[in-house]
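*Asks:* What follows is a structure written as C-alpha cells; I'll ask about it next.
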C-alpha cells in the first residue's frame, strides 16, 4: 500500500514538472513573439504609425540596446527571486503593449515597445536561472531545450498569427492582444510556478558591482561569456548577409527569400529538439564541442557547396541547426557555472551575446563588401573557432562534479 502511494506521489510530481515546463514555454513564446514580430512587419508598422521605415529600424536598434542593459538585471533577480523577477518582466510587457495600443502614436509606441522589450530582457535570465536551480543538471538540457523551442515557435507560429491580426484589425488590436495574453501569462505563471525560496540568501551579502565582477574573475564564467560573444558574432554576420547572397547568386524573389527564412526557423526548431533529446545523454560539454566543430565545418563548406540553391539552403539549414543546438547547450552549462548567482551569469551571457550580434551585423556587411560570401562564412568559421577556444579555456577542468549540490530540496523535482 505504501509503495503504491509513493508511486502515485512520484507520478503527480512528474506531471507537475511537465505542467511547469509547458507554462514556461508558452510564456516565452509570447515574449519572443512580442520581440520578433517587429522585424518582418516593420513596413506595416511604419504605415500604421505614419512614419518612415527608418523610424521603425531605430526602434529595433533601441530594443537591442535593452539587452545590454539587462546585465544589471541578473544580480537583481538573484536578490529578489526568479519567479518574482519573471512576474515583473510580464508586467513590463503588459504595460508597454497596453500603452502602445491606447495611444498608437510613434513616440508613445517607441517608449511602450522599449518597456515591453525590457520585460523580456529581465525575464530571460530569470527563467534560465529558475530552471538551473530546480532541475537536476543531468536533465537540464532537455528542460531548457523544450522551453527554448519558443524561439523558433515565435517565427513559425507566433509571427504568422500576429500578421493575421495586423491584416484584419490593425496595429492597436495587435498591441491589445499582447497585453491581454501577457496578463493571462502572469496569472498562469503565478498558478503553476512555485514561489521563490531563499533566493536572495547569497545575493543579499554582495553589492551589484561585486556580483558582476564574478563574471570576469571566475574562469568558467569568463570562458562562457567569451564563447557566447564570439559565436554570436559569427552567426549574425551570416544572418545579415545571406539574403544579399541569395539574391545576388540565385536571383530569387522576395517570396522565395521568405521561404528561406522559414527554413531557418525549421532549422532552429530541429536544433532545439535535438538538444532536448540528446544533449543530456551525450553530456553538455561534449555535445557543445561536437556542435561547434560541426558548425565550423559547415561555415567553411557553405560557399564551396552552395553553388546551387538547394545545396545553399541545405548548408544554411545545417549551420543554423548547429548554432541553435550549441546555444541550448551553452544556456544549460551557464546555469551551473555560478550556482550561487545563476541569473547574474545568464544576464552576462545574454548581454555579451547581444553585443556580439550587434558587432556581427557590421562585420558581416563589411566582409560581404570585401570578399563576398567566402569572406563572410570563413570569417564566421574563424570567430566560431575562437568561441571554441574560450569554451576550452573556461571549462577545461570544470566537470559534472561541480553540479547539482542544491537541487534536492526544491519543489520542481
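Note that Cβ sites are derived from N, Cα and C of the backbone, with glycine treated the same way.
TrEMBL lists 20-399 with the feature domain 'Major facilitator superfamily (MFS) profile'. The transmembrane segment annotation in TrEMBL covers 21-39, 51-73, 143-165, 171-193, 221-242, 287-305, 311-335, 347-367, 373-398.
Explain the structural surroundings of these features, please.
*Replies:* Within its own chain, the transmembrane segment (21-39) has Cβ neighbours under 8 Å at 45, 56, 59-60, 63, 86, 89-90, 93, 97, 113, 116-117, 119-120, 123-124, 127, 130-131, 143, 146-151, 153-155, 157-159, 161-163, 174, 178, 181-182, 185, 188-189, 192-193, counting only residues six or more beyond its boundaries.
Residues 19-20, 23-24, 26-27, 30, 33-34, 37, 44-45, 48-49, 83, 86-87, 90-91, 93-94, 97-98, 100-102, 104, 109, 112, 116, 130, 162, 165 of the same chain sit 6 or more residues outside the transmembrane segment (171-193) yet have a Cβ under 8 Å from a Cβ within it.
Counting same-chain residues at least six beyond the ends of the transmembrane segment (287-305), those with a Cβ under 8 angstroms from any Cβ of the stretch are 141, 231, 234, 238, 275, 278-279, 311-312, 315-316, 318-319, 322-323, 325-326, 329-330, 333, 372-374, 377-378, 380-381, 384-385, 387-388, 391.
Within its own chain, the transmembrane segment (311-335) has Cβ neighbours under 8 Å at 128-129, 131-133, 140-141, 144-145, 148, 151-152, 224, 227-228, 231, 235, 238, 242, 245-246, 249-250, 260, 263-264, 266-268, 270-272, 274-276, 279, 284-285, 287-288, 291-292, 294-295, 298-299, 301-302, 305, 342, 345-346, 349, 395, counting only residues six or more beyond its boundaries.
Counting residues 6+ beyond its ends, the transmembrane segment (347-367) has Cβ neighbours under 8 Å at 64, 67-75, 77, 121, 124-125, 212, 215, 221, 224-226, 228-241, 330-331, 334, 375-376, 379 in the same chain.
Within the same chain, residues 219-231, 233-235, 237-238, 241, 245, 249, 285, 288-289, 292-293, 295-296, 299-300, 302-303, 306, 333, 337, 363-364, 367 sit at least 6 positions outside the transmembrane segment (373-398) and bring their C-beta atoms closer than 8 Å to a C-beta of that stretch.
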*Asks:* List, by number or range, the same-chain residues at least 6 past the transmembrane segment (51-73) whose CB is under 8 A from its CB atoms?
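*Replies:* Contacts of the transmembrane segment (51-73) (Cβ under 8 Å, skipping residues fewer than 6 from its ends): 35, 38-39, 42-43, 45, 85, 106, 109-110, 113-114, 117-118, 121-122, 124-126, 208, 212, 343, 347-348, 350-351, 354-355, 357-358.
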*Asks:* Restricting to the domain 'Major facilitator superfamily (MFS) profile' (20-399), what is the model's mean pLDDT?
*Replies:* 90
